[in-house]
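K.L.:
Grabbed the feature section from TrEMBL, which reads as follows:
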TRANSMEM  7-26  transmembrane segment
TRANSMEM  32-49  transmembrane segment
TRANSMEM  61-80  transmembrane segment
TRANSMEM  86-106  transmembrane segment
TRANSMEM  118-147  transmembrane segment
TRANSMEM  167-193  transmembrane segment
TRANSMEM  205-235  transmembrane segment
TRANSMEM  247-268  transmembrane segment
TRANSMEM  345-364  transmembrane segment
TRANSMEM  376-409  transmembrane segment
Amino acid sequence: MPKVRCYQNILIIFCFFVYFFPFKAYGFDPRLLVFLFFFIYMIKDGLLLNRKVKCRYIKTLFYPVLMSLFTVLSSVVNTITENTFIIFPFQVIYLLLLSYCIYYITKRFCKVISFYVITRYFLMTLVVQSVIAIVMFVNQPICLFLFDLQGIDLTSRVIKMYFGVRLIGLGCFYFGAGAIYGLGLIAIMPFMLKAKNKQQLIKLILLYVYIFIVGIFFARTAMIGCVFSIVYLIFCILIPKMCNKVFLVFRQFIIYLTVFGIALVFIYTSSPKLQEDYGDIIDFGFEAFINLVENGELSTASSDGLTEYHLSIWPQNQKTYYIGDMRWTKGDSYYGDSDVGYVRLLFYFGVPGVILFLLYQYSIVRISGLIFKERILSFFFFTVFFYALILLIKGYIDVASLIFIYLHYKSLDSKYENRILC
């Protein structure tokens, strides 16, 4: 792969960053700069009018359009207009265009692009975000500046509740951050299966441990990504030619993960200074493991609240199951007072809407899986789908939109794909 210059890497990472972690800087949306860079390079390359709409993009919009039409029907029946999913197809179009711009800029600088190139920049973006979040955690003036930049109200209940207890980043905090970092854990696995030697594998495991720790400091949701990264490896055992490689990677993964884990525990327990300064965030992030050691239960206060309260909230009106109530929020809280993604979708447009949303998630995964011929990559996308299904138990997130950038890939972009690793 041609060497990418420093400023080009910075520009690509910036584009990835504002896609995965959108924020506004004093009211200005930095994603507009991505479109600006795209048009500048398109004009420079003389390709501005040489664009075709691919069939895969039409398929991507099929279920969002159906959701929008069903939402209109629901609004007529309920005599309430709440546009969360009425405008959903336009949000999808916007993200498709934005992701295409990022893909084009990445391809222009890298020349040869593949799943591994795209994912490498995604992982680099997670590292950049983690550095920002850690700096915000340890340096209050920088934290206050970036809060002011984003227009975050420090007096809001949610911020006051967890300020100084968990990480908050730039355009990234809590459940959404944990979900994205969990996706990063799954995304590392194809690299491990392609690692050429033990040194590469150790580096990838170190990156995995780092992303896992930072992820759970944002939200324990990242643990779900950890589980599904292992599920992905199990899926790959089904590939005959990869069976021995998977067993080798899995064995070394568990061994080094255990070694690194023991080392980190030893460092923390032997340092009173670390316990004093960072005890709160470590207790938060590792609450499930602490409870497992002390009580024999792998649980957190959040998971207990989910099972005891949020999963007990279901619509009481039968009509809600058929057509929904057309309500997404109620004042400053979610309509129905439940965080559960499935329940929120159910309250909004009933069982038909939930099914359409899941079909939309599946369609994106299926299209992405068909684009990349390699089976370990197809398995990756289907693992992401099951990951999305479980995440919706915890909260609402559109995981499909996080993998839009892979939809733009075509085989001619990656003649030497198998050579591109870490």
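Numbering starts at 1 and runs along the chain as displayed.
Cβ coordinates are placed from backbone N, Cα and C, and glycine is handled just like the others.
Map the listed features onto the structure and describe their local environment.
P.N.:
Under 8 Å from some Cβ of the transmembrane segment (7-26) lie the Cβ atoms of residues 33-34, 37, 95, 98-99, 101-102, 105-106, 109-110, 121-122, 124-125, 128-129, 149-151, 169-172, 180, 402, 405, all in the same chain and six or more residues away from its ends.
When Cβ-Cβ distances below 8 Å are used as the criterion, the transmembrane segment (86-106) is approached by residues 11-12, 15-16, 19, 31, 34-35, 37-38, 41-42, 57, 60-61, 64-65, 67-68, 71-72, 75, 113, 117-118, 121, 401, 404-405, 407-409 of the same chain, each at least six residues removed from its ends.
Within the chain, the transmembrane segment (118-147) has long-range Cβ neighbours (under 8 A, six or more residues past its boundaries) at 12-13, 16-17, 20-21, 103, 106, 154, 164, 167-170, 172, 180-181, 184, 187-188, 190-191, 207, 210-211, 214, 217-218, 281, 405-406, 409, 422.
Taking Cβ pairs closer than 8 Å, the transmembrane segment (167-193) reaches residues 17-18, 20-23, 115-116, 119-120, 122-123, 126, 129-130, 132-134, 136-137, 143, 146, 150, 158-159, 201, 204-205, 207-208, 211-212, 214-226, 228-229, 232-233, 236, 242, 245-246, 249, 253, 281, 339, 376-377, 380, 383-384, 387, 391, 394-395, 397, 399, 402, 421-422 in its own chain, all 6 or more past its ends.
For the transmembrane segment (247-268), same-chain residues at least 6 beyond its ends with a Cβ under 8 Å from one of its own Cβ atoms are 192-193, 195, 198, 201-202, 205-206, 208-209, 213, 233, 237, 274-275, 282.
Proximity of distant same-chain residues to the transmembrane segment (345-364), defined by a Cβ-Cβ separation under 8 Å and at least 6 residues beyond the stretch ends, is recorded for 59-60, 62-64, 66-67, 70-71, 74, 82, 84-85, 314-315, 320-328, 335-336, 338, 385, 388-389, 392, 396, 398-400, 403-404, 407.
Counting same-chain residues at least six beyond the ends of the transmembrane segment (376-409), those with a Cβ under 8 angstroms from any Cβ of the stretch are 19-20, 56-57, 60, 92, 95-96, 99-100, 102-104, 113-115, 118, 175-176, 179-180, 182-183, 186-187, 189-190, 193, 221, 224-225, 228, 231-232, 235-236, 238-239, 242, 306, 311, 339-342, 344-345, 358, 360-370.
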K.L.:
Taking a Cβ cut-off under 8 Å, which residues six or more beyond the ends of the transmembrane segment (61-80) line up next to it in the same chain?
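P.N.:
Hits for the transmembrane segment (61-80): 86-89, 92-93, 323-327, 348-350, 352-353, 356-357, 359-360, 363.
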K.L.:
Report, as numbers and ranges, every residue of the chain located at least six residues beyond the transmembrane segment (205-235) whose Cβ falls under 8 Å of a Cβ in that stretch; write 'none' if there are none.
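P.N.:
Residues packing against the transmembrane segment (205-235) from afar: 123, 126-127, 130, 133-134, 166-169, 172-175, 177-179, 181-186, 188-189, 192-193, 246, 249-250, 252-253, 256-257, 260-261, 264, 281, 284-288, 300, 302-303, 379-380, 382-383, 386-387, 390-391, 394-395.
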